[in-house]
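Engineer: If you look up TrEMBL, you'll see 5-43 marked as domain 'Sphingolipid delta4-desaturase N-terminal'. Under the heading transmembrane segment, TrEMBL lists 68-87, 107-124, 187-204, 210-231.
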Amino acid sequence: MGNRVTRQDFEWVYTEQPHTQRRKEILAKYPEIKTLMGPDPHLKWIVSGMVFTQFLACYLVKDLSWKWIFFWAYAFGGCINHSLTLAIHDISHNVAFGNKQAKWNRWFAVFANLPIGIPYSASFKKYHIDHHRYLGGDSLDVDIPTDFEGWFFCTPLRKLLWLFLQPLFYSLRPLYVNPKAVTRMEIFNALVQFSIDLIIYYLWGLKPIIYLIAGTILCMGLHPISGHFIAEHYMFLKGYETYSYYGPLNWLTFNVGYHMEHHDFPSIPGCRLPMVKKIAAEYYDNLPHHQSWIRVLWDFVFDDTIGPYSRVKRQCKLAKES
């Protein structure tokens with residue numbers, strides 16, 4: 001690969017995130033995009049179908065050998081669970097029932113969480129707001145790796161390990177970078193989740209629980225769908241901090257690949273983000289984007305210039321201080 005060029009720090013910038021200005025420009029030129037905002041009437045039915053598919057799978061795997069438990073967890077159940085985490089991402093923007101029914105969105109996210117096996121939705125909502133408001137914000141955007149992650153996971157083998165351990169880092173990083181008080185919704189999320197886990201265990205034993213949780217961990221780690229974690233904001237080209245992906249895996253992930261469009265218009269549900277790109281094509285067609293999440297993972301591991309440090313960082317003032 002030639003001489004190793006390892007990043008020693010994040011890419012610090014002293015400008016506002018690009019999405020705010022682009023949103024203003026696009027809305028001024030294409031006000032009809034406002035009609036795309038609002039709830040997705042199909043989301044609740046799609047998510048419900050996925051949840052009940054996983055409950056059926058729990059029954060079907062209860063007598064399988066352990067090797068087949070892990071096989072189906074990785075090849076099938078984990079894909080559904082990862083997709084459900086991205087449905088929860090959409091629901092966190094109130095696109096299941098609309099802004100006027102915020103509580104219904106929170107409760108439905110807890111329901112969508114059930115096959116994931118561990119409580120997730122309420123904590124995700126709490127921190128995801130900051131990811132949009134303070135994109136790249138030092139000590140505010142917990143999507144950004146820590147200095148230790150950037151320093152240590154800098155070789156191909158270590159970066160491969162880091163990808164495998166992504167669920168662990170995403171779970172623990174907020175507690176270190178930006179700890180927040182536990183909310184009532186998080187307690188409710190945990191009580192409901194562990195109650196359902198216990199019911200599944202009582203009915204069908206341990207194997208369905210392992211099927212659910214192993215699928216979540218494996219498919220949010222080293223898995224083709226997990227390429228979106230790297231594709232969204234890791235700086236593959238200097239000067240660009242958000243990237244879209246327009247490939248077929250968007251069909252399984254609620255169009256999370258349309259990530260520039262999502263950060264420009266977070267209140268537009270994933271199903272309508274392709275329409276944003278179509279309407280405002282001149283704003284997106286010439287921006288760098290990805291064609292393959294598998295290629296993203298490959299380049300992340302083997303390209304010496306890319307690693308956990310390949311993120312844009314900025315100092316942000318808290319909204320209440322501005």
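The first residue you see is number 1, and the count goes up from there.
Each Cβ is built from the backbone N, Cα and C atoms, and glycine gets one as well.
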Engineer: From the DSSP assignment alone, can you count helix, strand and coil residues within the domain 'Sphingolipid delta4-desaturase N-terminal' (5-43)?
Structural biologist: 19 helix, 2 strand, 18 coil
Engineer: What residues in the same chain, six or more past the boundaries of the transmembrane segment (187-204), come closer than 8 Å to it by Cβ-Cβ distance?
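Structural biologist: Sequence-remote neighbours of the transmembrane segment (187-204) are 55, 58-59, 62, 110, 113-114, 116-123, 212.
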